[in-house]
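**Student:** What follows is a structure written as structure tokens; I'll ask about it next.
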Amino acid sequence: SPVAFLLLLCFRTLCCKGQPPPRPEYDLVCIGLTGSGKTSLLSRLCSEATDNIGPTTGFSIKAVPFQNAILNVKELGGADSIKKYWSRYYQGSQGVVFVLDSASTDEDLEMARTELHSALQHPQLCTLPFLILANHQDKPAARTTQEIKKYFELEPLARGKSWILEGSSVDNIDAVKQSFTQLIELLEDKDQDTGRI
């Protein structure tokens with residue numbers, strides 16, 4: 001009967017709104033020297049405790065949820081013994097997060113610069129969007145993002161690439177979320193450019 005049909009329609013609308021559309025997932029690789037703060041930042045983004053964090057040996061993967069996407073972040077340890085194997089884990093990445101300690105020694109900063117340059121030029125990464133986080137901005141010795149941009153020669157090196165350089169600290173996780181949101185926008189743009197939906 002029409003009444004039963006209408007009731008069924010109302011019931012369906014109330015109870016079966018349907019699943020929200022699935023959020024797109026992106027696979028990222030996260031690199032940077034030991035002590036740059038990769039694990040702490042990712043743990044805070046996942047609302048995990050950061051009290052007893054030690055250096056990452058090998059790699060770890062975290063699914064970091066955002067409102068409009070889920071980022072599957074493969075974080076690679078930054079020790080010398082691990083760095084030489086980084087490139088083995090690049091395949092399948094859709095974006096790169098590079099974390100550097102902006103309050104580190106000149107020697108470590110030079111090493112970070114070398115690693116970033118080689119990542120930006122690596123065949124599997126060179127076309128991907130980059131998020132560069134100048135971490136530990138809360139420390140007195142921290143260099144500004146302008147100083148980092150100049151020292152790392154980002155303008156000439158990354159010309160034609162999609163990249164973001166932002167300051168970060170584990171105490172200001174909202175700013176870090178904002179940086180990742182910008183990266184998601186770059187990833188979405190890249191998806192549209194390549195015709196993926």
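Heads up, residue numbers simply count up from 1 along the chain you see.
Glycine too: its Cβ is placed from the backbone N, Cα and C atoms.
Annotation source TrEMBL lists GTP binding site at GLY32, LEU33, THR34, GLY35, SER36, GLY37, LYS38, THR39, GLY78, ASN135, HIS136, GLN137, ASP138. Residues or ranges marked as Mg(2+) binding site by TrEMBL: THR39, THR56. As annotated by TrEMBL, signal peptide applies to 1-18.
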**Student:** Quick check on the binding-site residues THR34, SER36, THR56: which one has the highest count of other Cβ atoms within 10 Å of its Cβ?
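**Tutor:** Its Cβ has the most other Cβ atoms within 10 Å: SER36.
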**Student:** State the Cα to Cα distance, in Å, between THR34 (GTP binding site) and THR56 (Mg(2+) binding site), rounded to an integer.
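**Tutor:** Cα of THR34 (GTP binding site) to Cα of THR56 (Mg(2+) binding site) measures 8 Å after rounding.
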**Student:** Please give the GTP site's span as the largest CA-CA distance among GLY32, LEU33, THR34, GLY35, SER36, GLY37, LYS38, THR39, GLY78, ASN135, HIS136, GLN137, ASP138, to the nearest whole angstrom.
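**Tutor:** Site span for GTP, by Cα atoms: 21 Å.
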**Student:** Taking each of the binding-site residues LYS38, HIS136 in turn and counting other Cβ atoms within 10 Å of its Cβ, which one has the fewest?
**Tutor:** HIS136
**Student:** So which binding-site residues are near THR56 (Mg(2+) binding site), with CA atoms within 10 Å, out of GLY32, SER36, GLY78, ASP138?
**Tutor:** GLY78
**Student:** Including all protein chains shown, what's the count of other C-beta atoms within 10 A of the C-beta of ASP138 (GTP binding site)?
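**Tutor:** Within a 10 Å radius of the Cβ of ASP138 (GTP binding site) lie 14 other Cβ atoms.
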**Student:** Starting from the Cβ of GLY78 (GTP binding site), draw a 10 Å sphere and report how many other Cβ atoms land inside it.
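**Tutor:** If we count other Cβ atoms within 10 Å of GLY78 (GTP binding site), we arrive at 24.
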**Student:** Just to be sure I understand the packing, how many Cβ atoms besides its own are within 10 Å of the Cβ of THR39 (Mg(2+) binding site)?
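**Tutor:** There are 22 of them.
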